[in-house]
């Protein structure tokens, strides 16, 4: 808001002269001049451009004065271009309330640029205190930029010596030598050095204080007072702490206001509308914002102005009263932050006489103390090098705050932070003031630096850890550097060097991870997480970049990947350039659809960046603030490119690529902690798990990645491999598993805090976790279906939840109250030692832990000192971790922070969101999100040990959590954790102390006191690790002479007259003796109640951890199915259901039993099958059963058929058993001579003589049917092996012996061809076979074997004739061509067979050298008396004569005799063959059936052709038809599969008519070579 000015006149400051000692105002009217018309036009134009730049209460406009043109004039600081004249300005000469422009013109000076309308500043800039009521006719006062510039050009703030109720203004006449201080109430809270006060005391001695000072001081002054509380330690702000007295004004003094102390209090500035209130508020606001870095948002509510004018030193002579100093202190606060402005106008002396100063000049001795002291023995800050040093006189020429030499600004609310440069200090570790104190790990944060004084041409180098960047000088008090990119989080060294100087200005800069950094770019909806969003809307705070809202911005996209050992964060694309700084923008993904980022399309997540289009340049260094978003997936940008690269299912392809890559990486699941089963256990495991900021029930209950969850916890430190664990819990408090749903708990390959050395792949904080764990979750699950294969692989294989079956709750021990201790084994006792002691000590080669406590005496009560102590500080360290100390703050310093935390000796704070969790080497420290006042701190070590410190109402408790790996390893006041209370009182030397628990003195003297610490290392005890401040060592706290109260009950140690206290203790505490003891000792109800509360808390924790949760573990959810519930505790009944169009198979229900196991399943599996797949499985199962039943049955039938069909009739139709088949003709002759006749006799006994049949062989009967000889192929034996069908063992065979003895070559018989069987040929002339003697009788055989046989008969050979035919005339060669073919055959009618028999009137005897058909002819041994020859065999008695001639109707077909030995061998061979065929063919048939079934489903259109094909294949072949099957015949179904699995025939197969002359029926394949395929032989075959 503002007043529109149409005509503005330039205001010239009127030169005024103030006469010393007079209160009259002399107006100098001679210096007034008029303003030219050109000047008025120019000023009017300038005002029109800035007519809206008026300051309001809530949004003051920043104005940067030209501080480079400031000069000093008689102690006043003025702008050269705004002020003229050598005399002080007197604005009271101008009546600004007259609204008379013409009169103003007469009073204005030509050079002035100040524009004022309708305002009288005489009340502000004069000596009279103005009224605080409304001015300017009751309208709210509005300050202009010109007026603000004018009032800020003055060095000293306003103070008045006139006006007010008593007409003394701000002057404090009650302060003088006899009463050097005065009390003032604020009626508001003034934070100072950790404390907060609503009052102060103003001292004439150059300071204000808030607590009683000591009775006397010793110089040089030292604070805090080491002997506190025996000696008072004052809390004060010392601008010039030295004994003073009010001096006299010198004649040349330009300021006529009287010497002394001035005090003015301006309250509620934020709501004031009067002129003084508004101008005071705006002046202080901009002086602090521009003077102190990091205070850009400060807005004061109250100010205090204290001025010491013309103060002389105490102890001087009368003339020393004119040796005076003038200085001013301005305190501004919003009741959270407090700033102090020290204005040193004039310093002429430095020390008073008690400090050794000269009585005349105040020089020499110890100069004044300048600094701050918190009081109560806590902290102090001495402003070096000026305090108590000779360079104190330089205070008027140093500081340069707001461009004024002599102005020094400090921030003093919690810590003392210097806001101005310090030119005169030097050292190796000078404190560096910088803001902000933390920044995003990605870089780009502008860091303002204050500490050294800068010259415009200085070269500034800032080093962040190991990275150095160049800075730029802004002014003498400030330089800026841009934070580079980090690859780690936590605290980093921050150092500044000027020119060629070493890095001596040092500080610590906190690096925030991208996932936990303060969010600066916001996404109002979830569109950025989608694959194809229509738009992506972003917002940001427009004032985070610059206060100039007209500046142009640019938005860019960055991506991250890990394809090499080094992480890569790279620029991808510019989203938009020239964006207005409106705080919002909408991204249209369609604009980037045709982009081709070939080098970056493998980046799957990244960040949005917003910065200035045109960076500002300071000393050649471009400076532009940068805003980063949180990590976001880049599907909205790269989806079209990924679709072109991977297809429409790009998410599935990318998921598969990740799965393939992740399988090559090392498994990490065994390295992380096991999740607790319930949320209660997870919240009580302080050493291993901490809240997950992405799903926290207190601050972030949305749980984007864990829908249905209410709270998640994460492992507090990375594992030995750098991985982390996550455990999420549902509304019932049970662990959510990824086997049940994709929102379940998931471990991570990379921990969010990273892993040393951080700058390598898989070890970068936040970024590596997003790369390895978060983006795969998007690709496999969020961008696909939950039951997709990739998502289930992600959930079940790559990132599966660990069940809680093996979880073990930690052991807990604690200390609280006065103090009372509960050990790990639940032993309770009280120990009131005073000093520093060991609580827990573990000294193992792999596990090391030290937890120490400090006990200090309880504050006094109304009856005096209290002989009891309480816990005030705890320090802990583990292995190689940093040391963490948590200290109780003083009672009056707990208004903002209840506990102080020291990390490696430095204070750290958790007051901002990004600082809630801080990671240090080996240890993580965090403040729970629901805590805002730092009253609860949790320390987590990488070993799993945890320390929890809680404060309430000034009373502190500490609890230690240890995993089971520490069992039997602990020592100290918390005992030996062995589940046995008897060894808890173990001394450092390992001996057990005998302690009476009812006697506090016994535990104190015999056990606890042995664990006291000192500042030197002690064996089995260690060394004290506490932060030492102001020389307070362990000896300062240890008090072995302190004797506490050892009596347990208040009724026994309180005096009789305090029986009401005893009664009160019983009412408050009831059955808790710890509570009664604390109340009886301290009479503090808060302490007693919190003692009872802490005891209940640790008792409940122990009971909860001791409560074992029995878990049945993981029960997988079937794919395409669901479970009725996700519980896993005993008694849980889980029913399985399937999605629509799916059928459940297997177990439908499982029950968790009391033994922690799921009941035994009926089937062992549970599946949800599609209806089609279920039908296929049912069909396959049916076919499997059929095949399993039919195949053995068919095999059995085949075997039975073989036995029944080939076995001769039992009525005497069996042939001789030719057991030995010689290899050659010569061998046959040898066998005839050497075979035993006894063998023939045995054979004949087992044979049926055809001649003995009742029926005449002349006429065929049903018992002797005409049939073709079956297949009877004999395989030749292997070399050296004569065992086989017809071949006796080589070692036993007579033929073998004969062959060997005869010396004849052994001709290898081959049976792979077809042999003539002399079967009747079709259409051949009928031949009447003569009657023949079918075989020898048994008597004849017996006669042949009689001893009367002569030796000569050995040369004769007895043949075993064939059953149905006699061979006449020439003997027939046996051998390869004598083997019968595989099928019956006949010669063509009229063909001549040279081997065909000639039917004569009589039979011719068979020559002995010939072997008919099988050549199975034996030579039985013939007795020497026998002289019969083979030719006379059939003429022997008892043998019927052969018929004279054959019958007229001769037998056209005949049957070959079977051989029983051959039949047994053939049966075995056939059985083995069928077994092999079945074993091979059965799986092939099943596979072919499966393949055929699936092909049938895919190619239903070919079902008709398949049926036709099957019909053709099974019907008889028409001789007139010719079927040709080639590889190009498309009538064959499933041609594709056939060609893939079996080779196609090279030529067709034809059906040929038997009458065809080319049809070689009945003839052997004499022209075929081994291995050559034979022609088709009467059946339809497909080769």
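Start at 1 and count along the chain as shown; that gives each residue its number.
Note: Cβ is positioned from N, Cα and C throughout, glycine not excepted.
The annotation signal peptide is assigned in Swiss-Prot to 1-21.
The topological domain 'Extracellular' feature in Swiss-Prot is assigned to 22-1182 (among others); the stated evidence is sequence analysis.
For 260-415, the entry in Swiss-Prot reads domain 'NIDO', with the evidence type sequence analysis.
The predicted model assigns the domain 'VWFD' (811-1019) a mean pLDDT of 93. The domain 'VWFD' annotation in Swiss-Prot covers 811-1019.
Residues or ranges marked as domain 'Sushi' by Swiss-Prot: 1110-1170.
Positions annotated as disulfide bond by Swiss-Prot, on the basis of similarity to another entry: 1112-1152 (among others). Under the DSSP three-state reduction, residue 1152 (disulfide bond) is assigned to strand.
Taken from Swiss-Prot, the feature disulfide bond covers 1138-1168 (among others), and the record attributes it to similarity to another entry. There are 19 other Cβ atoms within 10 Å of the Cβ belonging to residue 1138 (disulfide bond).
Annotation comment: Swiss-Prot describes 1232-1250 (among others) as compositional bias 'Polar residues'.
Summarising the annotation, Swiss-Prot assigns region 'Disordered' to 1232-1448 (among others).
The compositional bias 'Polar residues' annotation in Swiss-Prot covers 1405-1416 (among others).
What Swiss-Prot lists as topological domain 'Extracellular' is 1494-1583 (among others), and the listing cites sequence analysis.
The region 'Disordered' annotation in Swiss-Prot covers 1521-1583 (among others).
Put simply, residue 1168 (disulfide bond) is 23 Å from residue 1112 (disulfide bond) when counted between their Cα atoms. In sequence order, 1118, 1119, 1120, 1121, 1136, 1138, 1139, 1142, 1143, 1144, 1145 make up the list of same-chain residues 6 or more apart from residue 1168 (disulfide bond) whose Cβ falls under 8 Å from its Cβ. Its Cβ placed at the centre, residue 1152 (disulfide bond) has 22 other Cβ atoms within 10 Å. Under the three-state DSSP scheme, residue 1112 (disulfide bond) falls in the coil class.
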